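Comments concern the structure below.
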Amino acid sequence: MKKWFVCLLGLVALTVQAADSRPAFSRIVMFGDSLSDTGKMYSKMRGYLPSSPPYYEGRFSNGPVWLEQLTNEFPGLTIANEAEGGPTAVAYNKISWNPKYQVINNLDYEVTQFLQKDSFKPDDLVILWVGANDYLAYGWNTEQDAKRVRDAISDAANRMVLNGAKEILLFNLPDLGQNPSARSQKVVEAASHVSAYHNQLLLNLARQLAPTGMVKLFEIDKQFAEMLRDPQNFGLSDTENACYGGSYVWKPFASRSASTDSQLSAFNPQERLAIAGNPLLAQAVASPMAARSASTLNCEGKMFWDQVHPTTVVHAALSEPAATFIESQYEFLAH
């Protein structure tokens with residue numbers, strides 16, 4: 001973390017702006033997980049996950065997610081989105097041979113994928129929103145684990161700066177203990193604690209880097225907390241139960257059949273085993289298979305679409321304050 005701090009401080013002299021000016025942006029470059037995925041995982045998994053319908057056009061929700069709804073506030077906004085379902089902040093595949101870490105992405109590799117085909121432009125606003133999968137999907141939920149996640153985020157941001165990124169916006173995490181998945185796993189207390197600790201670490205990081213003028217923090221947890229505290233103000237009546245109780249995929253499968261399952265014929269043997277052993281698909285074994293008819297479910301008043309992901313109504317409610325914050329800190333210039 002020290003090298004990242006020194007690197008950015010070294011760039012302060014090169015980042016001269018008037019005190020009352022807002023840096024301009026015309027494109028958002030997004031790095032994150034399923035909360036921001038607009039179809040990358042669906043494409044990567046050859047239309048297998050998440051099954052659509054019931055999932056909306058490859059999104060992990062029943063409608064558009066917050067990121068794409070930003071275009072309502074910023075007409076003409078260009079988005080380069082590397083976020084996909086399942087990624088962790090930490091590259092666990094580098095420290096473990098467990099197959100479940102070999103197919104799911106991580107933040108550092110998302111950056112690599114972006115740099116292989118694109119580059120950071122002077123008018124890019126880079127957003128990082130990641131970490132929930134480390135804690136909730138994979139169970140790395142101690143304070144030491146949170147420090148490792150923080151370091152992965154800071155290292156990735158440092159790499160972005162070294163590759164030309166000028167403006168970086170960090171998103172913190174909602175209270176993961178309020179997620180239906182945390183309740184079903186009986187990890188409410190641990191999930192709440194680690195997400196709060198994560199947010200404090202991220203706040204401290206943002207404060208340390210404030211002198212650079214390049215890194216800001218959006219505390220999206222406050223919007224989630226407001227929805228839980230006063231759900232009626234957002235048209236919500238149920239903040240605990242998922243609208244949809246099925247799986248991510250139409251046809252459940254288990255590790256023992258992964259090598260022969262015809263549904264996985266498009267993947268090589270290593271990919272099949274990694275997919276079958278991954279927590280992202282764990283509910284595909286134990287839960288009812290995805291149902292196309294579920295796309296017609298009435299989710300009015302529901303905060304959560306499934307055990308992990310919010311409904312599109314909640315995404316809209318998150319998009320509005322995100323847009324307000326972005327507008328207050330940056331100047332949008334449509335191309």
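Every residue gets a Cβ built from N, Cα and C, even glycine.
Here is what Swiss-Prot says about this protein:
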type	residues	note
ACT_SITE	S34	active site, nucleophile
ACT_SITE	D306	active site
ACT_SITE	H309	active site
SIGNAL	1-18	signal peptide
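Looking at D306 (active site) and the residue listed as 'active site, nucleophile', their Cα atoms lie 12 Å from each other.
Applying an 8 A CB threshold to same-chain residues 6+ apart, the list for H309 (active site) reads S34, L35, F60, S61.
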